[in-house]
Each structure stands twice: as C-alpha cells, then as structure tokens.
Amino acid sequence: MYDFMKKVPGGLLLVPMLISALFCTFAPGVFEIGGATQAIFTADGLNYIIGFACLCSGASIDLSHLSVVLRKEGVLILVKVIINIVLGLLFIQFFDMDGIWGISAIAYIAAIASTNPSLFLALESDYGTKDDISAFGLVGLLCTPAYPMLVFSISQTTAINWTPIISTIIPVIVGAILGNLDPKMRDYLAPGAAITLPFMGFAFGANINLIDAIKAGPQGVLLTILFYIPMVLIMVLVERYLLKEDGVTSLAMSSIAGMSVSVPAIIGAVIPSYQEFVAPATAQIAFEVVISSIITPVIARKLYRPKETDQTTLI
C-alpha cells in the first residue's frame, strides 16, 4: 500500500483524500459517531492536524537558513499574493460580482487565492529539500479561509479579520523556538509534518462530494483553466528565470485545498446579499479541488530536475 501511494505524485495525500471523498459522496456521516473516530476520519480534526503540522514544520526551520526559505518560498508567496489581489480587483472591475460564463467573483477569488499546503508538503517531500519542507508553515498561511477572505475584502474594501492568520502563525513560531533552542527537539519534531499527510488527505476529502463536483461541468473546467493561467504560469516563470529553480515549488503552491469549498458559504454568511452565488461557487470549487489535485502533481513531476546533492524525502 505504501509503495503504491509513493508511486503516485503526492499519493500519500491524494489516495486517502480520494477514499475519504468516496465516503463523503456515497456514505456521508458514516464516521460521525463522536469521539476519536469522528475526530480523525472527518473534517472535525482538520485544524488540529494543520496546527500540528505547522508546529513540526516550524521546528524544522533553522534560523541560520531562514534567508534561504524567504528567498525562495517567501518571494513566491509574495508574488502569489500580489497576483491574487490584482486578478481579484480586475475580475470585479470588469465583470462585477455576477462574473462571466457562470463563474462569479466569489468562485474566482476563492479559487485563485487557495493553496493546498498538504499537497505542497507531499510534493516537496518527494522533490524538494529540507528547507523547502520547512516552509510548510508559511504556505499554510494561505490555506485558511481567512486568506481568500482577505483578498475578497481588499477587492471589496470591506473590513479585514486578521485573527485566523495570526492563529496559523503562532504554531509555526512556537515550533521554530523549540527547534532552535534544542536541535534534538528539531530532529524529534521535524518528521511529524510529513507523517500528517494521510490524515490531512482524509480530512480534506471529507468535505468533497464527487457528484457535486462533476455537476459543475464546463464552469469547473473553465475555472481550472483560469486558475492555472495566468497565475500559475507567472509563478513558474518567476521561479525558473528569477530564482533559477525548477518550478516545482510554484506548482506545489498551486492546488485548490478542500477547505476552500467552505469559502463561498463563509462569504455568503458575512454578506447575505451574495447568497445566490454560494451554491454554484461551491460546486465549481469542489470540481477544481479534484482536478487540480491530479494535474498539479503530474506537472510538478515533469518540471522536477534532480539536484546532485538532493535532500528530499522525510518519509
């Protein structure tokens, strides 16, 4: 089983996610019996898993190497944020909230502002270095619904809630302090981030209804295209020609997280006048979660260029 999952790009995350999505689609609620079962096999435990992974990835950050992480992942995150804000502003400016071709501004912004940090961790575990893997906590900042809400708020000039973003940073800081105070703690905690992959996958899949995703049809396909072009294309070009890397990290940051399925409903709850966009946007994003989880690892494998001294896998 392990060897099979390792043969699939990002398989330690994607295979459990697919299995969980099948349960969500054909036997919803089967694990909702409370206690430990519900905590580990549904989305209920997702925040704990992400928090634990953030702490472990923070522990793997060697402050003496922090400049390396910021030079690569820091630059790419900044590029992604700028692109997200610019594209969000342009979309609303030209197409208003109703959007175009059945894709609303809510669906578009929730999609382009999404990042699946667990797939990032899976791909960097396969193709990256220890420094790349330690950036999981930074990438995790883009995973919470707070980030697309931030982009949406900037586009709409509404109030910004910083609390969810701060709550993601705290475990990373605690982990970094522990790991740098005691190298033995770093060695003990660092592998924990990769170990969480199957559990993250199962938790993400618990929110994905495959039938609803398929129903999104042409709009889901179009939204996927609008996600990869121009945003992902620009990020890969920046990484390859400015940072002189292979482009895998840009791809690893370019997949839709299952958590993003909840973003339209959150926006609809905050701004009730947008409720009409919630249902179609949710279905379109669910479709894109599935498709991007397949496409991104395949492209990443094609871009990957082995280095002579490659410190890749923690699992």
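Note that Cβ sites are derived from N, Cα and C of the backbone, with glycine treated the same way.
These numbers come from a predicted model, not from an experiment.
Beyond the ends of the transmembrane segment (12-33), by six or more residues, the same chain brings 4-6, 41-42, 118-119, 121-122, 125, 194, 197-211, 258, 290, 293-294, 297, 315 to within a C-beta distance below 8 angstroms of the stretch. According to TrEMBL, the feature transmembrane segment maps to 12-33 (among others).
Feature annotation from TrEMBL assigns transmembrane segment to 45-63 (among others). Counting residues 6+ beyond its ends, the transmembrane segment (45-63) has Cβ neighbours under 8 Å at 39, 69, 117-118, 121, 130, 133-137, 140, 143, 168, 171-176, 178-180, 185-186, 189-193, 196, 199-200, 203-204, 259 in the same chain.
Positions annotated as transmembrane segment by TrEMBL: 75-95 (among others).
Sequence annotations record features per position, and here TrEMBL assigns transmembrane segment to 101-123 (among others).
If you look up TrEMBL, you'll see 135-154 (among others) marked as transmembrane segment.
Taken from TrEMBL, the feature transmembrane segment covers 160-181 (among others).
Annotation comment: TrEMBL describes 188-208 (among others) as transmembrane segment.
The transmembrane segment annotation in TrEMBL covers 220-238 (among others). Beyond its flanks by at least six residues, the transmembrane segment (220-238) meets 75-76, 79-80, 83-84, 87, 101-103, 107-108, 111-112, 213, 247, 250-251, 253-254, 256, 283-285, 287-288, 291-292, 295, 303 of its own chain at Cβ-Cβ distances under 8 Å.
What TrEMBL lists as transmembrane segment is 250-271 (among others).
Among residues of the same chain six or more beyond the transmembrane segment (277-300), those with a C-beta under 8 A of the stretch's C-beta atoms are 8-10, 14, 17, 21, 97, 102-107, 110-111, 114, 116, 119, 122-123, 127, 204, 208-210, 212-217, 219-221, 223-224, 227-228, 248, 251-252, 254-258, 260-261, 263-265, 267-268. The transmembrane segment annotation in TrEMBL covers 277-300 (among others).
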Original post:
Excluding the flanking five residues on each side, which residues at least 6 beyond the ends of the transmembrane segment (101-123) place their CB within less than 8 Å of a CB in that stretch?
Top reply: 9-14, 50, 53, 57, 80, 83-84, 87-88, 91-92, 95, 133, 136, 139-140, 142-143, 147-148, 150-152, 155, 193-194, 196-197, 200-201, 204, 218-219, 222-223, 226-227, 231, 248, 251-260, 263-264, 267-268, 274, 277-278, 280-281, 284-285, 288-289, 292-293, 296-297, 300
